[in-house]
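Visitor: Take a look at the following structure, please.
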Amino acid sequence: MADIRLIVGLGNPGPEYENTRHNAGEWFLNQLADTYNAPLKPETKFFGKTARITIDGKDIRLLYPTTFMNKSGQAVAALANFYRIEPEQILVAFDELDLPPGVAKYKVGGSSSQNGVRDIVARMGNNKNFLRLRIGIGHPGHKSRVTGHVLGKPSAEEKTAIESAIDEAVRCTEILLKEDLKQAQNRLHSHKV
């Protein structure tokens, strides 16, 4: 059983970003919160919206930072420090250029080119040992097109594929919390759209 106490969904705040690929982490967190009937509420001391859920008797905090993506670590560090949550007890969901839409994968630690993840690493004392949920949004092909791609809205087909991966990721997060990472990975990593 994974000892996750905080689940974070990354995105940019505001209605203009709500439906962009860069907010796939927020989409996941909203889906998880809806599944557990736990509305996210503004919490200024944590620079975001928070909720509490219980899975298999475990008390878990949900956090959507309302800072911009590249300042996500401010919110994560504030909540983690307040509740004495270690990096190894955190799951961070975010958009991943290197995976196609419809694919989501867990990864423990390591580096990332995702700005929100990099800021979390920096704010957590350069500790990279938190669990990541990488939600595929696809790569536009050339690095000069990345910003427009992540800040753009997915096509209807891409959106359906991303939502399918998120639905499966919510189910697998339950497996992660009730059983273990290996079982959750095996199921999530074999998901096909």
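For all residues, glycine too, the Cβ spot is worked out from N, Cα and C.
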Visitor: Can you pick which of ASN30, ASN37, ASN81, ASN115 Swiss-Prot lists for the same tRNA site as TYR17, PHE68, ASN70?
Guide: ASN115
Visitor: Take the mean position of the Cβ atoms of TYR17, PHE68, ASN70, ASN115, the recorded tRNA site. Which other residues of that chain put their Cβ within 8 Å of it?
Guide: ASN12, HIS22, THR67, MET69, LYS71, SER72, GLY116
Visitor: If you measure C-alpha to C-alpha, which of ASN12, PHE68, ASN70, ASP95 (recorded positions) come within 10 angstroms of HIS22 (active site, proton acceptor)?
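Guide: If one measures from the Cα of HIS22 (active site, proton acceptor), the recorded positions that come within 10 Å are ASN12, ASP95.
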Visitor: Does DSSP give ASP95 (site 'Stabilizes the basic form of H active site to accept a proton') helix, strand or coil?
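Guide: The residue in question, ASP95 (site 'Stabilizes the basic form of H active site to accept a proton'), is strand (DSSP, three-state).
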Visitor: Of the recorded positions PHE68, ASN70, ASP95, ASN115, which sits closest to ASN12 (site 'Discriminates between blocked and unblocked aminoacyl-tRNA') by Cα distance?
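Guide: Answer for the nearest of the recorded positions: PHE68.
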